[in-house]
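Asker: Dropping a structure here in structure tokens format, bear with me for questions.
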């Protein structure tokens, strides 16, 4: 009777913490999206879609510590299985529960990325001013969304019917080979197809991490440390600029005072000066509003705390940099090479973050808290990178992300990028702490023979407790389900490995650029001459 009760208590503990984190994630996503959506162009359907998509991505990352917790708590610190986990069927049941959780969440992610988010985006793009023909709007949105559905179907088919191993009988007929493919699909329960699709999305997420997160990890802490420019100084500077531009406009207009037309060059200069003057007037209004707001006064009072927070963030960023560099170096020196995806089982070089997680893991939920903090750190730094850079398609800026001024389409793009970034954080965490992600704190007993002086006394052995690694017997160490998703296809692991090096290089470049840039304006991003978004200036009171 004690075994089922123990099993229930261990499972309830892990899933209870997961439920609490789930509620916190949903609340965070609601606040986060509401903060950035436009007050005048907000759409209920785009807001709900953005909140749900971001929540699903964060919940998927929150499942990783539960996965590690369940495989770790099957064993005692001495390497023996607990009573409730002694049965192989019980262990398989727990692993299947986590696997079905991944199936569900990853399937929802595929649905969001390849159907729901594109549909909502094109639905809003097809919206007329009079908003009269809803059926035509839905029809056109579905027409454009079909392309995304086709891409998803192709990825699932590739993952399903491209075998990772060749058929055992090379002389088999074509029909027997097809039968083997379907048998492989049934035995893997669709793991290969889903893993291939998710790995493809994670590959896109890797590009977003290299572009936005690497830069955000440097710009966010340095902006906190440097702070913003003085409002009084900015207003004085803006007033001087307005007077200078108005003087230049008066000089140009004086040329045509006697009725003579201006030359083409002077007309072009006059248009540029009038546009510049309009931007300066807008800046003046925004600076006046910023000076009156309570946020500015509170921000000045919290300046010491911002500096401390910035120093903490830059230290965390440097810790990630050093840890990721050591992990990549370990793979370069001790893995089997490019043909295996640079996979290593365990750590050969001292990895500080991996050691910290292994030390915290037995005291659950400390490791859960740390993993959640790491995930949130990636989200915040990614958002900082996106806000500073905007959403680009190669050299074309599509949207800007600004508090309370972000268009619904930009909001969907934002959540799509953050969703892909959070997907890649699973591999980033594996790169930062491979031992922790694979086995948690599991240990096993290794029987070591004892030397005897008299052979007639028989063989004697002693059990030595070792940390689980690739040399451990399969029935003694359980690999997390997350690891199976991450390394189902070796070529994705190879691309991720080189992506980590690119991440390190971009982080260093972003750090140098952020150090060279001066303090940002107190109204940074609110007023720009090349605004591609619909301006909200007329709605500012």
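Cβ coordinates come from backbone N, Cα and C, glycine included.
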Asker: Can you dig out which of the ranges 81-102, 103-124 TrEMBL describes as transmembrane segment?
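Answerer: Per TrEMBL, the stretch marked transmembrane segment is 103-124.
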Asker: Identify the transmembrane segment range according to TrEMBL, selecting from 287-306, 307-326, 327-346.
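Answerer: In TrEMBL, the transmembrane segment feature sits at 307-326.
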Asker: For the coiled coil (235-290), what's the model's average pLDDT?
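Answerer: Summing pLDDT over the coiled coil (235-290) and dividing by its length gives 81.
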Asker: Which range wins on Cβ pairs under 8 Å with the transmembrane segment (103-124): 45-74, 307-326, 368-398?
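Answerer: Answer, by Cβ pair count: 45-74.
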Asker: Who are the chain neighbours of the transmembrane segment (307-326) in space, where the CB to CB distance is under 8 Å and they lie at least 6 residues beyond its ends?
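Answerer: Cβ under 8 Å, 6 or more out: 217-218, 220-225, 227, 349-354, 377, 381, 428, 431-433, 500, 503-504, 507.
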